[in-house]
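Straight from Swiss-Prot, the features:
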DOMAIN    140-346  domain 'ATP-grasp'
BINDING   173-228  ATP binding site
BINDING   Asp299, Glu313  Mg(2+) 1 binding site
BINDING   Glu313, Asn315  Mg(2+) 2 binding site
Amino acid sequence: MTKLKVAVLFGGVSTEHEVSIVSAKSVMQNLDKEKYEIIPIGITKEGKWLLYTGKIEDLDSKWTMYSIECFISPDRTKKALVKIKDSEATFIDIDVVFPVLHGLNGEDGTVQGLLELSGIPYVGCGVLSSALCMDKAFAKKLALLEGIPQGHFLVIYKDEYLSKKEYFIRRIESEFSYPVFVKPANSGSSVGISKAKDKDELILAIHEAFLYDTKILIEQAINAREIECAVLGNSEILVSALGEIVPSREFYSYEAKYIDGSSELIIPAKLEKQVEDEIKELAVKIYKLFECSGMARIDFFVDKETNKVYFNEVNTIPGFTSISMYPKLMEYSGIPYPQLLDKLIQLAIEKNQQKQSIKYSKEG
């Protein structure tokens with residue numbers, strides 16, 4: 001049997017570079033070696049593309065020591081990786097690309113744009129859905145137009161804030177009640193997110209968020225449970241059982257996710273049937289609204305007192321580490337990790353084949 005050549009992208013110019021490496025290592029260890037030839041491609045924090053030549057089990061933060069310069073060609077007549085060694089270029093055919101890039105410059109439509117140009121099938125959402133879901137401000141505005149329930153929010157741009165700081169602080173304090181969350185609009189793994197309980201903390205939180213983006217969100221804090229839902233599919237959509245995150249800290253921060261490791265994941269989440277059904281229906285509606293494909297993890301809040309459901313965000317390349325909710329939810333729902341990867345690759349190929357019927361010329 002001819003093996004499919006699967007290029008796995010990891011790293012990236014992102015605050016989630018290290019998390020991406022852990023996710024990609026997990027993906028590559030669970031890909032069926034009888035079906036796939038794995039081509040590990042790392043992107044450094046500086047944006048250099050390198051073919052990783054070491055062992056998958058040894059992949060860590062020192063991966064660049066075992067690498068060769070490379071890049072994916074945007075030439076769709078090639079559909080290949082270009083390996084550069086001793087000033088000579090060699091083309092390596094690629095059948096599918098599996099981007100395991102979290103955050104900016106990987107999950108935001110940028111890499112997806114390159115892969116569209118290349119014509120190579122790739123796992124996950126396309127350019128538009130990736131960009132929309134990565135930008136929490138646009139995602140919330142679009143969800144608002146469709147009547148999807150969510151907490152009160154305000155979008156602030158850095159240049160406007162710097163010229164009118166007092167105005168924005170007054171506006172926030174008039175529209176919201178403490179505590180509030182302050183988030184970079186384009187960030188993941190809770191990087192740059194703070195919970196502010198008073199004016200002093202608010203000012204510090206805004207400063208922190210602007211370190212990671214030029215656009216931030218102010219969100220009303222809700223006394224809520226954090227519920228996550230895994231979604232799989234293109235036109236036919238599968239929604240997983242629901243999971244609950246019980247943070248070890250005040251909220252599910254970067255430290256709570258990846259450093260202290262003591263946050264609890266409950267699968268399935270213990271919810272009333274009506275609430276569970278509402279979340280699953282909303283997940284499908286949101287998945288279709290953002291034109292997602294392949295996969296996404298959609299996160300919600302459930303008010304602890306009223307059971308009211310609120311949309312939080314969509315992750316188009318969810319974590320694939322050993323502690324990540326997406327593969328755990330799918331496994332609980334009857335799709336083991338290796339089969340999940342098979343399905344994602346199959347969905348990528350199917351989506352690419354559908355595009356082959358699109359005409360790009362009036363001739364012929």
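Cβ atoms here come from the backbone N, Cα and C positions, even for glycine.
The distance from the Cα of Glu208 (ATP binding site) to the Cα of Asp299 (Mg(2+) 1 binding site) comes to 23 Å. Nearest Cα neighbour of Glu313 (Mg(2+) 1 binding site) among the listed binding-site residues (Glu173, Ser187, Ser194, Lys215, Ile222): Ser187. Around Glu201 (ATP binding site), the same-chain residues at least 6 positions away in sequence with a Cβ under 8 Å from its Cβ are Ser194, Lys195. Shown are the binding-site residues Val180, Ile222; of these, the residue with the fewest other Cβ atoms within 10 Å is Ile222. Listed in sequence order, the residues of the same chain lying 6 or more apart from Asp299 (Mg(2+) 1 binding site) and placing their CB within less than 8 Å of its CB are Glu226, Ile227, Glu228, Cys229, Asn312, Glu313, Val314, Asn315. Just so you know, of the binding-site residues Ser187, Ser194, the Cβ with the fewest other Cβ atoms around it within 10 Å is the one at Ser194. Over the domain 'ATP-grasp' (140-346), the average per-residue pLDDT in this prediction is 94. In this structure, the binding-site residues Glu173, Glu208, Lys215, Glu313, Asn315 were compared by how many other Cβ atoms lie within 10 Å of their Cβ, and the smallest count belongs to Glu173.
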